Every structure is written in structure tokens, then in C-alpha cells.
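Chemist: The structure's right below; bear with me while I get my questions together.
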Amino acid sequence: MGRKFFVGGNWKCNGTAEEVKKILATLNAADVPSQDVVEVVVSPPYVFLPLVKNELRPDFHVAAQNCWVKKGGAFTGEVSAEMLVNLSIPWVILGHSERRALLGESNEFVGDKVAYALSQGLKVIACVGETLEERESGSTMDVVAAQTKAIADRVKDWTNVVVAYEPVWAIGTGKVASPAQAQEVHAELRKWLAANVSPEVAASTRIIYGGSVNGANCKELGGQPDVDGFLVGGASLKPEFIDIIKAAEVKRNA
């Protein structure tokens, strides 16, 4: 069984109700490959989750951009995994580099979040990736392996995990990892999973790429053997997101 292509759209902290309705209209009218070719998940800000869930076409799914590390309670401003499950939100993005950098989320904290979200029945897009300094010092794989290990130490069943490799230096900067750079890290990450989790998990877990993915570079990136899709930032708010979804065809035609 091949790994189904996965395209996630991370809207980050963007949008008004009117803008969200426009994006939904574009997505709902789009002619894209069927669900057996590509899995599409969009991740609006919390306040728009019910609107998007109710209005989005049924073959696309919805993700939250974060959730709390344990059961709800006296944690002002947080949203628990149980609340997302209660709203039938199937996916959550955890460990995004912006949260690691701006909010100080450690590898261990992200690992705990992933484990708790999975335990409540959510599917998780778990983000890993290195900074420019780390890449230039040659420590990319050490960093990515440590981030992945913190998840592997806490998670036994990887069925509902998608790993998103997002080189921090390529997020929102217009810089993009070359197809060869992306493939190299994805292949090394898969090798790490094979050695430290299991060959089965390595073969079946989707590793997607994030970092300035757009309509112009998505086909070449998506054609790499270990790139199983994308986590798209800014471009997911634009019509070119449709072109990125269509890049799934490169795998079907390979």
C-alpha cells in the first residue's frame, strides 16, 4: 500500500469571516484529484473552525492549529483535545516552529501534546525542522532526530501521525529547500524511523514538506520519492492552493 499524498493548508493567524467564506467558495468549487489520490486538510484559526467545518466540501477535512497538552480545566486561553473531538474536528497541527520559537514549546512538551492528542482520538500533523544556524552548522539531522525522538518516546502507534518537515529558514521567507535538500532530510528521517521505531512505521508514515511551497515549485518537490505531500502556509490562503493539491498527480503518474 503506497502512502497517500497529503496536502495541509495552515492558515495561521489570518482571515476575517468574509475572507474565510471566499476561501471556502474557491475550495468548494475546485476540481481536484479524488480522495483516493490525495488527502486534503485545512487548518483555520480556532474561531473559524465551526464555520469551516460546516461549509467545507465533505472530501476535505479540518485541523486545529494547536491544542492543550492534557485534559481541560483551569488553563485560560487553551483549547483541549476533547473539545476538538466534541466538535468532530479530526486533525490538529502540533509542534509548529512558530510555537516552538515564540512560545518556547520544547521537544518534550510537543511530544507530550502529540501523545495526549492521539490518546483522545485526534490525528496529528507533527512538525519538525531546523533553523538556518543549525543547517549551516551541519546539525540538521541531529535537530530533527531529537524533535522526532521526543515524539517516538511517547507514541507507540503512528497510524494517525503525519510528520511535517519544515525547515524554519524556509517558512514565509520565500527561500525554499531545493527538491534535493528536501528529499535528503525526508530520506534520513525515514531511515531514523526505521532504526528507532520500526521499518513498518518508516514505510507507512507520511513525511510532508513545509516551507514556502507554492504553485511553481510543488510538482518538483512532490515528485521526490520520500516527499509525501505538503504543509502549506501563505499559499493556502490563495487560489494557487488548488494547484498544490493537484501536484498529487505527480505521484499517481510516477
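Here, residue 1 is simply the first one shown, and the rest follow in order.
Any Cβ shown, glycine's included, is placed from N, Cα and C.
As listed in Swiss-Prot for this protein:
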- N10, K12: substrate binding site (BINDING)
- H96: active site, electrophile (ACT_SITE)
- E166: active site, proton acceptor (ACT_SITE)
Chemist: Tell me which residues of the chain lie with their Cβ under 8 angstroms from that of N10 (substrate binding site), as long as they are six or more apart in sequence?
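Modeler: Looking at Cβ-Cβ distances below 8 Å from N10 (substrate binding site), excluding near sequence neighbours, one finds S43, Q65, I93, H96, G210, L231, V232, G233, S236.
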Chemist: May I ask you to report the DSSP-based helix, strand or coil state of N10 (substrate binding site)?
Modeler: strand
Chemist: Write down the Cα-Cα distance for K12 (substrate binding site) and the residue listed as 'active site, proton acceptor', rounded and given in Å.
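Modeler: It is 14 Å, counting Cα to Cα.
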Chemist: For K12 (substrate binding site), just count the other CB atoms lying within 10 A of its CB, please.
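Modeler: Looking across every protein chain shown, the total is 19.
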